[in-house]
Amino acid sequence: MTTVLGSEVILAENLTMVTEFLLLGFSSLGEIQLALFVVFLFLYLVILSGNVTIISVIHLDKSLHTPMYFFLGILSTSETFYTFVILPKMLINLLSVARTISFNCCALQMFFFLGFAITNCLLLGVMGYDRYAAICHPLHYPTLMSWQVCGKLAAACAIGGFLASLTVVNLVFSLPFCSANKVNHYFCDISAVILLACTNTDVNEFVIFICGVLVLVVPFLFICVSYLCILRTILKIPSAEGRRKAFSTCASHLSVVIVHYGCASFIYLRPTANYVSNKDRLVTVTYTIVTPLLNPMVYSLRNKDVQLAIRKVLGKKGSLKLYN
């Protein structure tokens with residue numbers, strides 16, 4: 001009886017032992033970390049400036065006050081916060097010896113990262129519906145995508161994203177964590193953290209997998225159906241120029257969708273047992289850095305309306321300086 005009680009005391013002590021995690025990140029790369037810091041810092045500044053430019057231009061130019069650019073502005077805002085949750089901490093850790101993060105901060109980081117990431121997935125689905133309504137039902141477009149509808153859709157994406165995130169974070173951090181606290185990643189991602197739990201995680205992983213299917217597969221299938229309808233409508237347009245213009249409004253959205261959903265599906269739509277750290281870190285870098293970088297570049301470089309709006313805004317600022 002004493003032995004059992006003694007083991008219970010030891011177990012209780014072990015269960016409360018983990019108060020912080022150690023983010024291993026890129027520590028295995030040694031001196032290369034300094035070069036990575038310079039590269040990632042540069043990319044982070046480009047992401048921030050690109051998204052801030054898009055948000056500002058959409059806000060200042062009245063010609064961009066349309067549903068498509070309304071959702072693009074929200075997507076850029078979400079991606080700005082999305083990268084802010086991860087990249088500053090990663091940059092600090094690249095220069096730091098102590099790469100610790102407290103238990104609560106780890107949970108908060110995962111909550112906000114997943115919240116903004118899932119919101120982005122849902123927003124991309126809504127943007128697909130917007131293109132479907134604009135091209136397939138142009139006469140009903142003002143009704144289908146009124147400002148009231150746009151506001152409700154944007155709010156639904158944010159609420160749905162953070163509710164799903166809260167569910168997943170609850171499932172991960174309700175598990176007991178014993179002595180193991182080394183997170184083999186550069187942030188508190190689901191697979192890297194759940195591997196440290198000192199109990200069977202099959203049920204939790206299954207529920208997380210179902211959540212992943214709901215937030216990744218369902219919106220992606222919705223986008224695919226929308227674009228099949230769009231393609232069928234575009235092929236009916238008699239002029240080649242008309243077809244080109246109709247498809248060009250969708251190309252930017254499609255390229256971002258393919259990268260974002262492709263990388264996220266590779267990471268989250270599989271069992272944690274298949275977790276491969278080096279490959280995962282490479283893919284995660286793609287959707288935490290490359291996708292937020294790709295979004296403003298694609299929408300600004302390929303989109304003539306945004307290019308024209310940027311020139312107009314810069315022209316107005318130049319005129320004000322000359323006048324003053």
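Here the Cβ of each residue, glycine as well, is placed from N, Cα and C on the backbone.
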- Item | Among ranges 281-301, 302-322, whichever one TrEMBL labels transmembrane segment | 281-301
- Query: Are there at least 3 C-beta pairs under 8 angstroms linking the transmembrane segment (32-57) and the transmembrane segment (281-301), leaving out pairs fewer than 6 apart in sequence?
  - Reply: yes
- Task: Look at every Cβ pair spanning the transmembrane segment (149-173) and the transmembrane segment (32-57), keep those 6 or more apart in sequence, and say whether at least 3 of them are under 8 Å.
- Result: no
- Thinking of Cβ pairs under 8 Å, which stretch from 32-57, 107-129, 206-230, 251-269 has the most of them with the transmembrane segment (69-87)? 107-129
